[in-house]
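> Dumping the structure here so I can ask a few things about it.
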Amino acid sequence: MSNKAVSSIPFEKNKFVLIVTDTGCSNILSEILSGAGYRIDYAKTCRVVLDIVKKKLPDIVIIDIQRPGNHEFELCRTLNSNDISLNIPIIFICTLPELDDKEKAFEAGCYDFITKPFFAVELLSRIKNCIMMQQHQKQLEQIIHERTLALQQEQDKLRRELQIRTQNAVIRENQLKLLSLSFDISQTMIQGKTITQMLQNCCELIVHHLDAVFTRVWLIDELQNVLVLQASAGMYTSINGKHSRKSVACTNKIGKIFLTKSPHTTNAIMGDFQVCDQEWAKKEKMVSFAGHPLVVDDKVIGVVAMFSKNILSNMVMKSLESVANSISLGVRRKLSEASLLASETRFRDLIEDTVDWIWELNHEGVYTYSSPRVFNLLGYDPGEIMGKTPFEFMPPEEGLKMQTIFREMVSGQKMFSAIENTCLHKNGNKVVLEASARPIFNDDGTLWGYRGINRDITERKNSQEALRQRDEQLRQTQKMEAIGTLAGGIAHDFNNILAAILGYTELALFDLPEESRKKHELDQVLKAGHRAKELIRQILTFSRKSDQMLRPLRVQIIAKEVVKLLRSSIPSTISIKQNIDPGCENVVADPTQIHQVFMNLCTNAYHAMKESGGVLNISLQQIQLNREDLNGNLNIKTGSYLKLEVSDSGIGIPKDIQNKIFEPYYTTKGMGEGTGLGLAVVHGIVKNLHGDITVNSEPGKGTAFCVYLPVAKATKKNVRERSMAPVPTGKEHILLVDDDEDLARMHKQMLERLGYKVTVLTSSVETLDVFQNSPNGFDLVMTDMTMPGMTGAELARRIFKIKPDMPVILCTGYSEIINAEQAKAMGINAYLSKPILKRELADVVRTVLDETKEINIKEKKYWTTY
């Protein structure tokens with residue numbers, strides 16, 4: 001405390017000072033203190049000091065010694081540790097003390113330390129300050145005491161208020177718990193996905209908010225008339241076991257609550273006869289029970305019950321009734337939702353599982369509902385078509401047509417059934433739908449819109465179209481078979497006629513000099529006969545009745561013949577332009593098939609320009625193709641090719657069908673105008689010749705077909721050398737058989753002109769007898785195929801049995817029984833097709849005879865077809 005603070009405290013004189021001295025007296029100190037008004041007493045020992053203190057408590061103790069020792073320090077400690085003298089200030093007065101003495105004195109509890117000699121003023125001032133500080137401390141302690149008492153009183157008051165507030169807080173907390181419970185129960189009733197989950201959440205909430213030991217809910221099973229445990233929370237969570245089913249009877253508290261439709265509550269479980277298991281209740285220290293019926297529309301559907309180790313207030317008891325009502329309402333709502341959901345699920349499953357697309361349109365034709373099946377039909381999600389009309393998903397022409405039909409339905413408020421319409425899938429494909437719908441009306445009777453279904457009938461329509469095409473193909477096949485049969489019959493007879501014409505013409509030419517006019521005329525007859533022979537071959541090829549005759553040929557010659565034929569057969573409204581390179585090299589092909597390629601392409605061009613006329617361009621050039629030229633468009637190898645291009649300025653071919661035009665029986669022509677085989681045949685011929693064909697067309701501007709055929713080099717010279725060689729002759733004996741006497745006679749004369757000896761017969765049976773009688777008398781057998789009694793093939797088999805190495809040549813105008821490959825397989829040396837020309841006959845006969853002489857028939861390698 002400061003000196004100013006000390007001086008402000010009134011100083012009371014006549015203070016009692018106890019002086020402790022080792023001499024028992026201190027005259028100077030006594031005079032100074034007495035003169036200052038202090039009462040003085042002396043003590044020499046510690047015991048005396050304590051006795052004086054007990055009798056009368058001094059205001060200050062002064063220890064006056066020469067030098068303090070342990071006794072003085074101990075005295076100081078004793079006074080400071082005594083409850084009576086605890087607050088008496090102590091001052092040490094000594095002569096020239098050591099620093100260590102001061103430290104020990106202060107440690108022992110002295111208040112001040114004065115060194116001799118001293119001034120009286122200093123002594124009195126320091127004593128006065130010490131006593132005043134002690135007084136001040138007492139006053140402070142009194143103030144503290146008084147204030148402490150006041151504080152304690154205030155604390156007691158606050159404690160009482162706190163107790164009241166705590167009690168109110170508990171009440172409010174309970175109220176909040178009950179409100180929170182009611183709110184959470186309501187939320188659970190709303191958010192619970194299932195009744196079981198909802199009831200389980202309610203049990204857990206009751207346990208949490210009301211400190212219940214456990215809570216359970218039972219619902220009635222009306223079929224078995226038993227209460228079934230649905231949820232349990234707290235001490236017991238299992239819903240199985242002996243308590244999972246309660247009988248509806250008064251023998252148990254849950255059954256009685258259900259039967260009486262009345263709650264049962266108690267805060268004294270022990271002694272409650274309705275709580276049967278008293279031992280369990282005592283063991284678990286159960287105090288209270290509350291059970292309430294769950295009532296829906298005045299019908300009990302179950303019971304909710306709880307056990308607690310605490311007393312339940314009246315407020316809690318009443319709130320449980322409210323909770324039970326909330327649970328009842330929630331169960332009713334859940335049962336209604338479950339029934340509605342089941343109904344909706346059945347309806348949704350019915351809609352989603354059906355193969356049909358179910359939809360609703362308003363009276364303006366805008367979609368307001370769509371089942372998910374629309375994705376399977378058109379590739380759109382239901383949300384993508386909302387707000388749009390069905391006509392937006394149709395081709396433009398189809399949309400306009402269906403809009404007209406829809407307006408008629410709306411105006412007449414009619415239902416419609418099985419209306420076919422074409423829609424566009426999201427990927428661009430066309431989908432054929434069958435629509436049926438009935439009108440929907442507002443409450444006032446006005447038309448709201450339509451509800452209907454769309455059924456995908458694309459597959460059915462495609463099947464119908466495929467069936468129609470198959471029927472058409474069948475009719476076409478039957479027609480082609482009939483044509484083929486007719487062509488085969490015509491070819492056999494006509495070839496025999498041609499054989500006589502050509503044969504006798506060649507015989508007549510033998511006897512005429514080179515400069516004869518008649519020789520020139522007969523050459524023309526011979527050329528006409530050749531063209532007739534090729535015509536028959538074309539007919540057989542077209543009707544699939546002959547094999548290919550591949551040989552090196554000059555395509556430009558066939559091209560010029562086709563141009564001549566076209567000029568006389570197509571109308572003058574179509575002009576023909578040609579660009580045919582005469583220097584093109586040969587290709588290996590069947591001339592009849594090349595002729596067929598030209599004619600089919602040109603015929604298609606004619607049909608494209610038949611109505612309006614135009615220009616038909618025919619071009620033939622030899623080109624060299626490298627990898628850059630192929631560019632992925634041509635499926636052929638690099639090299640030298642003949643490029644045949646046939647183009648027109650007609651109606652063109654739509655892009656969407658250009659990839660179909662090479663399919664068999666596909667045609668864009670009307671009934672009776674085409675078979676659908678022309679381009680398919682062309683495509684097959686070109687591919688078989690290791691070539692390729694392309695089409696480039698634009699509707700309204702025309703079409704161009706380009707055919708690429710590989711060039712066969714170094715063949716032209718060989719053919720020409722063969723044609724310029726002299727006609728081979730011989731002297732062998734030939735057995736000739738043909739049932740046509742004219743042909744037999746003609747071939748006999750032809751062979752005899754070539755130097756051969758010929759025996760002619762017209763019966764195959766007679767021929768076999770002649771051969772059996774003289775198998776070594778003949779060098780060669782030449783037989784017709786089609787003869788009565790025995791075919792030429794059968795005759796050959798029997799001859800081989802007699803003489804296996806006998807060479808045989810089989811001739812036919814046309815045969816469905818045997819072809820060149822079959823003849824070769826049975827050992828026949830050569831297969832000739834009528835009509836047979838002199839050069840052809842001479843070459844084959846000479847070749848067969850020469851080969852037979854050189855090679856044993858069992859090892860022969862030669863085979864030829866003419």
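Even glycines carry a Cβ here, placed using N, Cα and C.
So TrEMBL says this about it:
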DOMAIN    15-131  domain 'Response regulatory'
DOMAIN    343-413  domain 'PAS'
DOMAIN    417-469  domain 'PAC'
DOMAIN    489-713  domain 'Histidine kinase'
DOMAIN    733-849  domain 'Response regulatory'
MOD_RES   Asp64  4-aspartylphosphate
MOD_RES   Asp784  4-aspartylphosphate
> Tell me which of the modified residues Asp64, Asp784 sits in the most Cβ-dense spot, judged by other Cβ atoms within 10 Å.
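Checking each of Asp64, Asp784, the winner is Asp784.
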> By DSSP assignment, list the helix, strand and coil residue numbers for the domain 'PAC' (417-469), in that order.
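Counts, helix then strand then coil: 12 helix, 30 strand, 11 coil.
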> Fill in the CA-CA distance, Asp64 (4-aspartylphosphate) to Asp784 (4-aspartylphosphate), as an integer in Å.
177
> Of the residues in the domain 'Response regulatory' (15-131), how many are helix, strand and coil by DSSP?
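Breakdown, helix to coil: 53 helix, 27 strand, 37 coil.
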> Which residue counts does DSSP yield for the domain 'PAS' (343-413) in the helix, strand and coil classes, in that order?
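Computed counts for the domain 'PAS' (343-413) are 42 helix, 10 strand, 19 coil.
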> Looking only at the domain 'PAS' (343-413), what is the model's average confidence as pLDDT?
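Averaged over the domain 'PAS' (343-413), per-residue pLDDT gives 87.
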